[in-house]
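To start, the structure itself, in structure tokens.
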Amino acid sequence: MAKKNAIQDFSGEIGIAALVVAVVALMVLPLPTMLIDALLGLNITLSVVLLMVTMYIPSATSLSAFPSLLLFTTLLRLSLNIASTKSILLHADAGHIIESFGKLVVGGNLVVGLVVFLIITTVQFIVIAKGSERVAEVGARFTLDAMPGKQMSIDADLRAGHLSPEEARKRRALLAMESQLHGGMDGAMKFVKGDAIAGLVITLVNILAGIVIGITYHNMTAGEAANRFAVLSIGDAMVSQIPSLLISVAAGVMITRVSDEEQAHKQSSLGMEIVRQLSTSARAMFTASALLMGFALVPGFPSFLFVALATLIFVFGYTLRNRAKEGDGDEGDALPALLREGSKGKAPTIAEQAPSFTVPVGVRLGAELAKGLDVPALDTAFQQGRHALAEALGLPFPGIAIWKADALQPDSYEVRVHDIPGEPVAVPDGHLLIPDLPEALRAQAVEAAGLPNHPAPHWIAPAHVAQDAALSATGQRVERVIADHVVHVLRRSAHLFVGLQETQWMLERVTTDYPGLVAEAQKAVPAQRIADVLRRLLEEQVPIRNMRAILESLVVWGPKEKDTLMLVEYVRGDLGRQIAHQATGGTRQMPAILLDLSVEQTVRQAIKPTPAGNFLTLDPQQVEAIIMRLRGIMQGNPVETPSALAIVTSMDIRRYVRRMIEPHLQALNVYSFQELGGYVDLRPVGKLVL
């Protein structure tokens, strides 16, 4: 491959050098007519190839050498004009191509030939060259004006982690290439415009000088000289102007090309883009068809022609409408509610196989269950679930992948968190889920296993549900069951789905309203530490919706407190009103278990600092004794819900107490006096004493 590239580079260098030498030679040396024919054929070939290349490139930057190509092709044409002019004036002959073009264009009438030449020259000079020059000028100015903003956007994406350093370098290089290309095109279009003017002047000089030379040196009459030299001069002009026109069109295609990023990645050509963009509206085709039918009714117009065209356009529009309907049908299987928060990607569907990489949350479906799912209903259920999750915790939705799995039972599903599976849930065909079925009806139902978000869930046939209005109101279809199950998992494991990427996204959102606060917070605390604080808050179900209060707390305490655990406690203290309201449900009354001072001191002394952080090293027997006494207090003070009862202790040991009891008493929350403050009226129900 390296050898092949080296050969290509060498041949390219030789070709350009040979072209420059040929241009100089054409201006100086007399050339035989056979060589002039060959060079004229080469000129036409180059112009056709260049036009085709510009039509098939995916973007303008794919042919960044175009301004240089314009310069070389213009010089080649002008040199050929000089060489052919010498041959015409010296020998009254310039080869077969020029003479054939002259006779073809003139067609036996010199005036017709001149008119055709002037029309082509006018079209090239006034329409194509002038328009392309203006577009190039405006494009160069706009590109230059937009460059600082684009560079800042690349830097921002790099800092936010949306781009890798290598991708950022590539984008900067592409941006520099784009600016150089537009600047080069702005100047190169002057070549095209000047070439058209030079072609017109050279032709007029050839005709006048040819008549003078024919009369003076070749003893021709004025008519003979005009006929001979005018035909050759017009032929020479046409042979030059047609390639020049093609090059002008190629330049116009280059600088008017607008490709969106998606189509550029697909390597789409100009023809593909035109067809794709013109084929977006069936209504436009129907309107055009009706107008053409109107033209067919105009007296004197060829009715058959316009009826045929109207029919063709109508059929095309009908086809477009059918394709649009098919596309809408395909989108009916999409699940936009599963997209990650802030994602601009395409809405996912139920995939046939597992994703290539680990996803935050995945749902595996058995074959029969996947076949019977109502996809729009599933999307609606997830949409409601993600809204409820955002309102409850402020958690950015991590995105969900759903795929079919032959390894599962056909009528079951399984929820996975970072590829760790939960208990499979079997779904009897057509049954509804009743979250808390009365005892009297359980004999007619099937117990639902693997659903941690319901106290006594059962599957029951729709026929039994229809007989009871209360059951009809609480019955859930499988789509709702899956969505509620996944949202419950997201709630309980919310801290697993917040990392640096999600933190950056939240900071960007907050920046819109509080740019100064976000800047100060990032100065005080690195983004990674902010992410750690948010994770620890979510780990104990503390909502992170109030990002303003969290960031203000980090600005105050971040520079002072280097221990992340204590920093979280200070943030919790500043969120005390919110935490108190959440803990008491707005009642301000909290039944609490207090720790004896000796217990607090024992826990405090068991906290050992290590290079990796502080850890609780309490003796297992002491831990067991504490758990036993806590259970005794809880049994002696029953409450409606376990979460209504809580331990209240000092701020410096609160986290360690929570970590100690979590494996045994997960529903028992632990708060500190400092965070509850005056927002809660504590009602002690017991004191823990060792």
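For all residues, glycine too, the Cβ spot is worked out from N, Cα and C.
Beyond the ends of the transmembrane segment (14-36), by six or more residues, the same chain brings 72, 75-76, 79-80, 82-84, 86-87, 90, 93-98 to within a C-beta distance below 8 angstroms of the stretch. Taken from Swiss-Prot, the feature transmembrane segment applies to 14-36 (among others), supported by sequence analysis.
Annotated transmembrane segment per Swiss-Prot: 48-72 (among others), in sequence order.
Residues 192-193, 196-197, 199-200, 203, 226-227, 230-231, 234-235, 237-238, 241-242, 244-245, 248-249, 252 of the same chain lie 6+ residues outside the transmembrane segment (104-128) yet bring a C-beta within less than 8 angstroms of a C-beta in it. Among the features that Swiss-Prot reports, transmembrane segment is placed at 104-128 (among others), with the record citing sequence analysis.
Swiss-Prot lists 196-216 (among others) with the feature transmembrane segment, giving sequence analysis as the kind of evidence. Residues 78, 81, 85, 88-89, 92, 117, 121, 124-125, 129, 222, 224-226, 228-230, 232-234, 236-237, 240-241, 244, 248 of the same chain sit 6 or more residues outside the transmembrane segment (196-216) yet have a Cβ under 8 Å from a Cβ within it.
Look at Swiss-Prot and you will find 229-253 (among others) tagged as transmembrane segment. If one looks beyond the transmembrane segment (229-253) by at least 6 residues along the same chain, the residues whose Cβ comes under 8 Å of a Cβ in the stretch are 40, 43-44, 46-48, 50-51, 53-55, 66, 70, 73-74, 77, 80-81, 84-85, 88-89, 92-94, 97-103, 105-106, 110, 113-114, 116-117, 120-121, 123-124, 128-129, 131-132, 135-136, 185, 188-189, 192, 195-196, 199-200, 202-203, 206-207, 209-211, 213-214, 270.
Taken from Swiss-Prot, the feature transmembrane segment covers 291-315 (among others).
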Next on the checklist: At a C-beta cut-off of under 8 Å, are there same-chain residues at least 6 beyond the transmembrane segment (291-315) that contact it? List them, or none.
Outcome noted: 285
